[in-house]
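Presented below is the structure to which this report refers.
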Amino acid sequence: MLAYPTTSSPWPPRHHGAAAAPAARRHMAAAAARGKRRGAGAAAAEGADEAAEAADLVRFFLRRTSGGKERLVAVLDRHVKVVRTEHCFLLFEELGRRDGWLQCLEVFRWMQKQRWYVADNGIYSKLISVMGRKGQIRMAMWLFSQMRNSGCRPDTSVYNSLIGTHLHSRDKSKALAKALGYFEKMKTIDRCQPNIVTYNILLRAFAQAGDTKQLDILFKDLDESPVSPDIYTYNGVMDAYGKNGMITEMESVLVRMKSNQCRPDVITFNILIDSYGRKQAFDKMEQVFKSLLRSKEKPTHPTFNSMITNYGKARLREKAECVLDKMTEMGFKPNYVTQECLIMMYAYCDCVSRARQIFDELVSSQNNVHLSSVNAMLDAYCMNGLPMEADQLLDSVIKKGAVPSASTYKLLYKAYTKANDKKLIQKLLKRMNSQGIVPNKKFFLDALEAFGNTDKKPRTVPSKNSASKPDVESANNSGTDTSSKPNLSVWQVAA
């Protein structure tokens, strides 16, 4: 089977200003230069060069088709001499991120007409995965049947894609049943034996569904199989439980993790910090943070961002600001996500003017402000009952070239509906119409829910252990846990 670039690998830096002919000529010239290379390290350099050139060419193709300038197939036809399987694979990845599943099918049809095309499991697996993420279950199943008709024999990666596809469907109980059906079928085929990716997909899915019984069955099956769990296994399950607020179940996975001699990484610490923060178990959250600082792992931006967000939701402004101080003290420069977290924190704490000050600083420090930052400030106004200010901000950012998304309009529509401001609602709908955004049923149902919510914003009651100053300032010092849970702390797992 052909080897393809991993989906998690970052693309090389962009090259701007490339014209069509020069881009193709550069690709062919580089190929000729690679043929002349000799000496140690030539193979590694060649592989890196090939990946960079392929990514560069794919970006060029997508630039040519952006905004409906040209059809992608027409662009591929003009460069047919240099396009190969690896370029199409990269196109599938990028089009999948851009909701371009129909274009993926067009590229696939184009591929099949080329002399160099050979039916391959990797291509079908990628396409099935893309269709699944976009909810195109029938199309994914059609591709699976096409793969078998083309002479390809399904392997583990194809079945993993099928399982992931069904888990994206709306009927979760039916999806889980189908996923288990494929899992059992895989066990009966030698070339399709479940691997750790298969188990990780299923374990996370059942954790998200809160099905602890099936989760225990899968863990037992994993223990009896030749496959060994990895850090992704435990992190995936703990994250799913944590996001569902199932803290006891999350802690039981932590115990299982230690019993299998698997050391936590920074992702593990971040999951625990966020999960305890969501439940406002701040004593445990701070204990995990101290354990992180004592371990070989180092905090990351998400570590601090999560703490700021969760303290903010509990309206603990001083604690959130102490986290920011600790972050700066440790040499971390707040990124735009941190600033968005601060905007929301101050919004929860009734400090809209301070939130706007941070937003203005963010705008002045960046050439292109992320739409998520705009949405954060709009949300800050809306949750504090300031729809007029939100509308004025929207006017301002649109004049500067920002293009609101459906999520932007959704949060504003809910706020304007809650405020019963018909004038702003009409203005917003006209904007949506001019931008070609058509609201669906869910859009209006979510807005109707706003009528039932009479509070200005969620008022959460801090836990009794969270009234004091945060422990982040003294996190480097040893401390004892006064709470009864968890029975096993992260620093004990890491020991």
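Residue 1 is the first one shown; counting continues down the chain.
Note: Cβ is positioned from N, Cα and C throughout, glycine not excepted.
Remember, predicted model here, so these are calculated numbers, not experimental data.
Matching 1-24, 25-48, 265-288, 361-384 against Swiss-Prot, the residues noted as region 'Disordered' span 1-24. Mean per-residue pLDDT, taken over the repeat 'PPR 8' (370-404), amounts to 94.
Within the chain carrying the repeat 'PPR 3' (195-229), a Cβ under 8 angstroms from the stretch's Cβ atoms is held by residues 156, 159-160, 163-164, 167, 172, 175-176, 179-180, 183, 186, 236-237, 239-241, 243-244, 246, 249, 256, 260, 262, all 6 or more beyond its ends.
For the repeat 'PPR 1' (120-154), the DSSP-based tally of helix, strand and coil residues reads 26 helix, 0 strand, 9 coil. Across the range of the repeat 'PPR 6' (300-334), the DSSP-based residue counts are 26 helix, 0 strand, 9 coil.
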